[in-house]
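A.B. asks: Dropping the structure in here first, questions after.
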């Protein structure tokens, strides 16, 4: 049956059977139906391909007849490509001779050699120049084209309407090579760019040939030869080709264009981009520049006039599609050039950019050589023909990708950047109908957004607006205010003792300023700890005011005893914690130390004083001087690791000498001395116990707690001093000064006390670390400040004791509340600044005690601590690019934040597992680890230290990069790493290591976010804009170890998570570090 059916089908002449395909015959599936379903086959038709088979088409390559035209449309290689595709190719005899392609080359490639008429009658004719009158044949080339044939050539349809009319009469389909859209997909067929590239290169070669000097500068025995200066106008393909060629020949190259992108390309080639002062975008359509405004052109002319007097060679390429080339250089400009200069006008064919250009000619005008050739590509005919041939063959394959038939479809509905766009833009005539210009494509991409200026650029612009006068005036105003204040203090001084105390305070502040700046950042934590211990000299104030016998007998004496007790906690605990931290920085290779020998100067200092006291000498002031100098030495000793332990020893000596001199000056009775000793001994024992048990990771909260003790001691001392001195106020000339200092010291101490307690609660986890933003908190704080300041009025005006003690009690309460509201509004990540500010407050409170008691030691030490805390606060704020007021008032945003909409982050992140991370670590030779607070919170320093040790033993260069505000107090991460045994010489600060990231194979970011956030540099609208950060993204590979992709404290998305060189290793930091350590150890043991 099947054979019968095939016979019927084969012999049937019925039309619906004529295209019968060889489909499979399908039998029925039910047993009782034994028929075949033949109707499916009877109606099946094979698809018919559109177009004409390549083997039926002939491509003709005529000889170019335009004057001096040496190019040919197809090279032998191009012919070979078309023959391989299936085309028949005929070439006019001698068509390629001027391009060094002989007829034999074409024959070898598979072409036939024929006459002009036969070639032009081909189905598809490819040319360089548009058809023109053939003088030899006496007929126009368009009239020799085959009816309904196809022409591919440069046409310039807007300038040649008569030619289009001739071609229309022949029903020709025309593809204009000059109309190929300048889109990414069409770069391989962009003949204009190919020819412009050659023209740009040739322009430099011709200029060098007619210029009388070297392009490159030389210093020879015969003398110095300056380099040639070249200005290139127009940053298109030709201009950039000229810039590259001229730069490679050693010339000084300058480039000008109205388009910002073109100027960037000039810069990338090593040329100096020139701009006018007027900002206006020159971006036009199709990759060309647009016509500019009158104001811009005037500024442009001014720039060109100036450049003409400086440069040796001018090359101009400026064109506007479909219009005459603009005149950019007038006659006066050209004549202002140095004799022997050269100008090359690549726009000569369109009229030229120079007023003095003669298109197609080379001539000299008043000593200036003018090159106005219109056939520069033709002067490199072989290269130009090869590139043009490649453009045509690629275009033919692209528009007709079918392997068998030549066919392309012209559509008026097409998307931007597609082949439909290329075909519709290139075809200017279809079957004799002019369809030029092409309609606007759909989905036209928006122009590139204006490049957002970086934070550094905006800062530079901002700095540039500050004139030298304004800068100097600001500086002069500061000095004027300072000197005026000093004069005011002198006038207000009640006695000589006050003036001497101000002198001591000023000099101590200057010494402290210069001393603290010398402290290495790695030792900022020990610095704060030692200043905390030294601030315990508030005990001196307590000792001076203590009284009674074995027990205090009055309220003031009780307050003084309590101040002495809590100050002693600070002294003992502070020095022991400092010693513990410094011992952690010791390396196994360090030489042995014999610090116990510093007992010798300590014994000499204190013992010598006791001996002199026993001998009847009163040298307390000299002892205070010696103690103060030792405290200065304590801070100075922390400038290096080698002298840090000496600094701690000097601090102990200074405090011990100060306490001894105080006791010696007081000469207490045995009972009172026992009371004093008991208070200090009990406080010291408690301080030592706390310091011995505290974990180093809990150091920030310990420092905060100790600061609260200093603040409380200052409040107690000031109130006690007021109570004791009150009976003498009526006869004391300095009574008002004493009252002012007592009031001020109480206020500072109250803020320090409560603020430190809140900071302790946040750091210890008792309170939430998130900022507590009370409604109207700024008004509340302003009210508290006004009430505190206003309270001094009745305090000074009313001489009664009740009013005075009430005012002191009120300011104590108000300042304590203000300390709470201020500190509660500050988030946990800003605690480094809070602690340093509180450290500074404690110093100023100590200064207030010094003025109150007329004690030089307290004034000197207070100035040291106050300046130390102030400088550390400044360092922290600079590290965040924020003002101190912004941090203290619980604000957000840096001083560089522009205030606009933040940059949107797009893209996807890459996640890896432990095995991937191990592979990356093993392959890297240079590794930088950048830890953040997450390392502290997870206590992952020990596995990281072990990992670093293993990697170092394998010969890898491993270092740490520490941000100044990483952690919860200055230098905390340095101490934690030292605790784990990491050598301090591989732990570098941000400024020391930032320049090394580009040469680093791998960066491990552990628990850090804001401190490595690239938005600080990339987004001027980010609230962390301008904040100095560790530039980890500049390394070759980055592994970020975090719990999640969540934001950091600043609540800013981090762009580095989505950068192509970043991999996210998500999970708990401690567990991940332990696993990394174990895996690395396992991999190296195999």
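Counting starts with 1 at the first residue shown.
In case you wondered, yes, glycine gets a Cβ from its N, Cα and C as well.
The structure displayed is predicted, hence computed values, not measured ones.
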A.B. asks: Choose the correct range: of 421-439, 440-458, 801-819, which one does Swiss-Prot annotate as transmembrane segment? Give that range.
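C.D. replies: Spelled out, Swiss-Prot records transmembrane segment over residues 801-819, not the other listed ranges.
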A.B. asks: When Swiss-Prot marks a stretch as transmembrane segment, which of 366-386, 387-407, 702-722 is it?
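C.D. replies: Checked against Swiss-Prot: transmembrane segment maps to 702-722.
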A.B. asks: When the topology given in Swiss-Prot is taken at face value, are residue 586 and residue 921 found on one and the same side of the membrane?
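C.D. replies: Domain labels match for residue 586 and residue 921 in Swiss-Prot.
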A.B. asks: Using DSSP and collapsing to three states, where does residue 331 (N6-succinyllysine) fall: helix, strand or coil?
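C.D. replies: Once the DSSP labels are grouped into three classes, residue 331 (N6-succinyllysine) ends up as helix.
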A.B. asks: To see if you understand the setup: which same-chain residues, six or more apart in sequence, place their Cβ under 8 Å from that of residue 397 (N6-acetyllysine)?
C.D. replies: 85
A.B. asks: Using DSSP, would you call residue 257 (NAD(+) binding site) helix, strand or coil?
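C.D. replies: DSSP assigns residue 257 (NAD(+) binding site) to coil.
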A.B. asks: When you rank 70, 117, 224, 294, 331 by Cα distance to residue 257 (NAD(+) binding site), which of the modified residues ends up on top as the closest?
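C.D. replies: For residue 257 (NAD(+) binding site), the spatially nearest of the modified residues is 294.
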A.B. asks: Tell me if the transmembrane segment (527-546) touches the transmembrane segment (558-578). I count contact as 3 or more CB pairs below 8 A, with pairs 6 or more residues apart.
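C.D. replies: These two stretches do touch.
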A.B. asks: Would you find the one among the binding-site residues 257, 300 whose Cβ has the most company, meaning other Cβ atoms within 10 Å?
C.D. replies: 257
A.B. asks: So which of 596-616, 702-722, 778-797 has the most C-beta pairs under 8 Å when paired with the transmembrane segment (833-853)?
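C.D. replies: Most contacts with the transmembrane segment (833-853): 702-722.
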A.B. asks: Report, as a single number, how many Cβ atoms besides its own are within 10 Å of the Cβ of residue 117 (N6-succinyllysine).
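C.D. replies: The answer is 13 other Cβ atoms.
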A.B. asks: Among all the protein chains here, how many other CB atoms are within 10 A of the CB of residue 70 (N6-acetyllysine)?
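C.D. replies: There are 21 such Cβ atoms around residue 70 (N6-acetyllysine).
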A.B. asks: Report yes or no: does the transmembrane segment (527-546) come within contact of the transmembrane segment (801-819), defined as 3 or more CB pairs under 8 Å with a sequence separation of 6 or more?
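C.D. replies: No; fewer than 3 Cβ pairs under 8 Å.
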A.B. asks: Got a sec? Which of these recorded positions, 224, 259, 331, has the most Cβ atoms within 10 Å?
C.D. replies: 259
